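**Student:** The following feature annotations were taken from TrEMBL:
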DOMAIN    95-207  domain 'Ig-like'
DOMAIN    214-317  domain 'Ig-like'
DOMAIN    323-402  domain 'Ig-like'
DOMAIN    413-491  domain 'Ig-like'
DOMAIN    498-586  domain 'Ig-like'
TRANSMEM  625-648  transmembrane segment
Amino acid sequence: MHVCLSDWSRLWFSYSGGSLSLPLLHHLPPHAAPPCRFLALLRVSDSFSSSSGSVRLTSAQLGHLQHRPPAMALRDTGSLLVGLLLLFHTWGAWAEVVVSMEDRVEVSLRETAQITCMFTSDDGIGGMTIQWSYVTRSGENQRIYHQDSLMTNVEPGTPYTDRISVNSTGDIVLSIRNVQLEDEVEFVCLVTSLTDGSAEGRTKLLVFEAPNLPTIEGVQTGISVNEDHPSVIGSCEVKNGYPKPNITWYKGNTPLRSIPDVVNVVSSITTESSGLYSVKSELRMKVEKEDKDAQFYCEVTYFVPGGMSMTETSLINITVYYPSTAVNIWVESPKGQIKEGDTIELHCSGNGNPQTAIFTIRHLLDDTTWETNMLVLENVTRQNSGVYECISMDMDTVEEISQNTSLFVHYLGRATVISEKNEVYQGEDLNATCNAVASLPTETAWLKDDKVIAKGHILTLQDTTFDTAGTYVCKVTVPDIEGMETSGTLRVYVQGPPEIMGEDFKEIGTFDSTVDLSCNVRGFPVPKITWTNTDGKDISTSPQTVTEEGAESVVSVKVTSNMIVFCNASNEYGADAVTFSIKAITHTTTTATTTTTISTTVSLVPVKTATPIPPKKIKKEGNGVIIAVIIICILLLAILGSVLYFLYKKGKICGRSGKQDLTKEKSNKDNIVVEMKSDNTEEAILLGVNGEKQPPNDQ
């Protein structure tokens, strides 16, 4: 350290950390001691120290120093310089450079890492020298970056030459792009000040890479519980992670740890050419019967920036071999209650795996045996009910295990219908019963024509008629078992005279020369049907058809003129008849080629005719009344024709231009009029029953 006065007006103080110049308010007198004396004085006072660590000179102290006499001023100035010496020495220790850095920075592989170097110094960044380096594997510092007030420089020929950048705005930040595994080293930041000295900080860069998804593979063969040593359960593998991933085996929710002679977990680590780690773990353990339902999987944990992560494999099962300790026998089908006619499938099985035993099924009721573990009985009956036993014999120990089950076949016998009689006369009552033997409660319903007419096993028919006759079905069902039913039938006949059914009047138009007449009769005993004309002669020998209610007959009649046909039905209780009145109307059409068509109209008039077999029960009017009605109708038609002709002659109906179609009927009480019309000439010709032709001008 050096202290001296310059021109007796300024005090210069020089030390290793720098220099300082202080002005004096009052110049020293010319006869004052030369500067070297002050230097000697300062050297003598060099041993002065301050317990406070710092010396401050106030303006009052300076003023006091400046107004002292010269001799005293020199003495006080020496004391002041000693204090200043101590002050500057303390300042040099307090103003040193301080550097702060994180202990570690974590980054994922191929990402960008940022390492921050924070420092404190009185000098600005322009007066600082900054140097970045890393510690090599051999422990040496390799510089990669240098910066001072004049220039910045990235060191060439290093692994970071093309991948780093430095931001000196504020804190100093080193950025490393495309981080590789080799970058996991310690980086050093060295900061040097022109006045405060130098300091450095260190940060360890840690690189991470998440591994691929783990895989698991279970053993494909079965494992016996009788094995003496732990057997291979499966293996897990995870690839390409950094740092090394860790694998933990689980059975259910329980982690598996190595236990001598019980559980053995063997892991192997492989370093790939990329520097990443692959880990494979194999699980071996002694299995028990309960392990047949166990699920195994692996949990993989690995480090990531800022913490740890975890992933799991899929679940695997193993096949465990164990001997049977019990057997079971059951009905596989049908499910639910069994009825006669079903096909039964009995199964017998042990609780061991695999099924290596010999099975026998035996019916204890008749001691029938089957050497099988599955028995099929088709179309079973109530005789198949009883106790069935399953016997299992172990091939290794020759021990037998047995179990039995009871089987019951429900039955429903045939329905039996009982009636005092099945033939009743009209108006009488009839009672019938229906019963069936069953193992379960039954329900009975009576049906006719597929419609339910009564429920219960008793059927009562009161005041019977022909509508009562027919077939009755008794259906017996078991509500508890679907499809279990039986049935019986009852045919009821109602005795009485025949009744001819059909419309009272029927008109049939046809272009044929024949017409089909139908006669449907009900009654019991079955009526006999005949067809006759007004002379009482049979006109057909066609056979009749027996129906549910009686009989039916169809006859074809050739129509040549007006005629009357009788349908007669009779049995031992009476007779019935119906009259078909057939009236033929001929239409003649005159064209270039004359064509004549016969149209037949059939009138069905219910009358009572004098049939060859007189009925015992008369239901309809006699034939004489019908004939009288026909004659009256003919007379009315004759009168109507006369009136129309009279009005026509008087011109009361229409003009006589001859362009209108008008049929003039001329008849008397004994005439039957047949109409003939020409479509081309629009002329009408009236013929009387005697064949006389009327003049055209009279029309």
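Every residue, even glycine, has its Cβ placed from backbone N, Cα and C.
Unlike curated entries, TrEMBL annotations are predicted automatically.
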**Student:** Mind tallying the domain 'Ig-like' (323-402) by DSSP state, helix then strand then coil?
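**Tutor:** Secondary-structure breakdown of the domain 'Ig-like' (323-402): 3 helix, 41 strand, 36 coil.
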**Student:** Ranking 214-317, 323-402, 498-586 by the number of C-beta pairs under 8 Å to the domain 'Ig-like' (413-491), which range is first?
**Tutor:** 498-586
**Student:** Take a look at 95-207, 323-402, 498-586 and tell me which one has the most Cβ pairs under 8 Å to the domain 'Ig-like' (214-317).
**Tutor:** 95-207
